[in-house]
Amino acid sequence: MDAVEKANAERQKRWVKDQKIGEGTYAVVYRGREASSGRQVAIKKIKVGLFKDGLDMSAIREVKYLRELKHQNIIELLDVFSSKTNLNLVLEFLESDLERVIKDRSLVFLPADIKSWMAMTFRGLEFCHRNWILHRDLKPNNLLIASDGQLKIADFGLARDFADPGYKMTCQVITRCVCAAVGYSRDSDINHGWYRPPELLFGSRYYSTAVDIWSVGCIFAELMLRTPYLAGESDMDQLNTIFRALGSPTEQDWPGHTKLPDYVPIGHFTRAPLRDLFTAASVDALNLLTQCLIYEPKKRITAKDALSHAYFFAPPYPSHPSKLPKTSPPVNTTQPLDEIDGNTLSGKNNRKRKLSSSTDETKTRSAVARRLDFTKTTPGS
Amino acid sequence: MIPLYEASSQFHNWRFSAQNLDQIRSSLNAAAVGVIRNTFEADQPGSSASISFLNPDEELLLVRLYASKIPQLCGFFRFPEEVEATAVSYLKRFYLKNTVMDWHPKNVMLTALFLATKTTNHPIALDAYANNIPKTTPSDVVDLEFLVAQSLGFEFAVWHAHRALWGIWLDLQSLPDAPPDRATSQRDVYEAALKHVRSSRLSDAELIYTPSQIALAALSIADPELASEWSHSKFPSESASIPHLDNTLAAIRALIEAAANPQDVEVVRAVDLRLKICKNPEKVVGSKAYLAKKAEEERKAEEKRTRKAADAPPTEGDPFGDELAGRLVDYDDDDDD
């Protein structure tokens, strides 16, 4: 056996696959552990033999970027090994994701909780951007949650670097594109463009870190509303949805946008104040949200500036990650989401919360809960 | 906060001293010669005595020859510089884990280049790639892709000297007393320095020095004054770092200048001819040793399958097996699908 094969075999032996927890066309995700320590891991096995062009791009991107990025708020790639024609990525095991947390109607979010998730998201994202890496597919189910409450950005299958300013890039990113590999904790079969910024929807080929900031803005809004903020049904409808919510951009708002390759004039919506929808949000929260959702990409706030935004320094201070609302660990992770929804096991967490909450927080909670009532009954509240 | 470069896989795993490199290459070479000698002997005792194996320097000559083919191919395909530089790095890194007697650099070069198109986000269809290279099939390219990726430790990101040179060039334009038209009036200096960076790719420089050191050395060949203007803007004058830097730059310049000399093609061709005889027969498809190795691998795999089946808990009753949760053996984990 060659030295390289031997080294690979040694690596392979370090990890044990225990149970399949997700499956897609090109990949299978297992729960596993490190043989020596018993540490839980997730092993994503990508079936390379199925690709006619060899190793596929999303696997290559994921490996390339995660090999370089080590940060508390980015999922850790512990090892990579191959087994015959499969590529195995050993990732830290993360039990939940932000989408599941948002959808769990038994959980109540305090403004401090939302602030904590936002801070962790921006910290991870700032690190990506500092390393010249665009994620390009941020959405709640790519923000995974560790058992200690830490939020970790995952799924770098669409990421790319942007060392050359003005370098032409593809606009087919952010969840409307074909993602073959399965999501890490469960199959990502929902390919919405809900988190795509307008410049990509207009086909811009010269884009920047601002694309990720828009996505984070959408996630911020979703954390407050507990329902996706800009949920379009197609590319065209997505723009419609955005403009209905934020007003149609004028040449002054966004110079040059009418010259973008896929520009089409869409309606004339006037901008309604965000306050009308986000009734309970603080002034600082709304200001940060507004700065994430500015039409002109150059004017959108950067991850670095967002981290020093007044929102993060005003009370209530961000919740400690360990104190954040958590989904109860699912009995069987392959269970469809709907069955986990409305799980009341974590209800005691809420009750504890209510006792210690200030009147301001209670007001927020009731405002959010009222909004939720439109869409679904909330057994936990 | 540590500099970005110092957090990279390149900084951690792909920098060596010159002595280090010699040691690695010698021990790889010695190990390969030992294995191949045994293989020959197993086939026919005494048969290895007459074989003249390659020494580490000869291996390096071949690697360098094929590294020099990469720019030609990139020119043909119009791949950007990043693809070219990455492919050369991959080829050099590969031969710090393998020897040319096991894997011929021609094939590895083609695979490294194809992989580099993907890792730098300039993918090309396999057919379009292979069809445009004489006597090359798609499988010649992808068969080794896994081995190459493994040898690279799946560390695909490479920091390049040409990027560092671009950074220095931008710095030079924004120095306080830079002539306002420097971007155009001294453009030829940048172009000349870039040529030296390209020559450096055929040397060991990137395995020993940082991209910015190489870039500055290249600039110092093209225009020593401009190079020192830049280093003085970065270090306070009288800094103890400057003489140290000068020594480093001199060493890199020596590597670049040596690499710029064209290789004696006849010498390399002679090495390549000898390689035909001394290469590992286990890697030659169809040879006796190759077939023996495959048979041995198949026997082991069969053994493993039998063992796995024996370890599986006996199923009773339900012909479709027990519930998934209780089953310890995962048949999907056979890894041969």
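Here the Cβ of each residue, glycine as well, is placed from N, Cα and C on the backbone.
Here is what TrEMBL records for this protein:
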- A:D137: active site, proton acceptor (ACT_SITE)
- A:I21, A:G22, A:E23, A:G24, A:T25, A:Y26, A:A27, A:V28, A:V29, A:K44, A:K45: ATP binding site (BINDING)
- A:360-374: compositional bias 'Basic and acidic residues' (COMPBIAS)
- A:15-312: domain 'Protein kinase' (DOMAIN)
- A:319-381: region 'Disordered' (REGION)
Length of the line joining the Cα atoms of A:T25 (ATP binding site) and A:D137 (active site, proton acceptor), in Å: 20
Mean of the pLDDT scores, which run from 0 to 100, over the domain 'Protein kinase' (A:15-312): 88
Among A:E23, A:D137, which are recorded positions, the residue with the most C-beta atoms within 10 angstroms of its C-beta: A:D137
Fewest other Cβ within 10 angstroms of its own Cβ, chosen from the binding-site residues A:I21, A:A27, A:V29: A:I21
Pairwise CA distance, A:D137 (active site, proton acceptor) versus A:E23 (ATP binding site), rounded so that it is a whole Å: 20
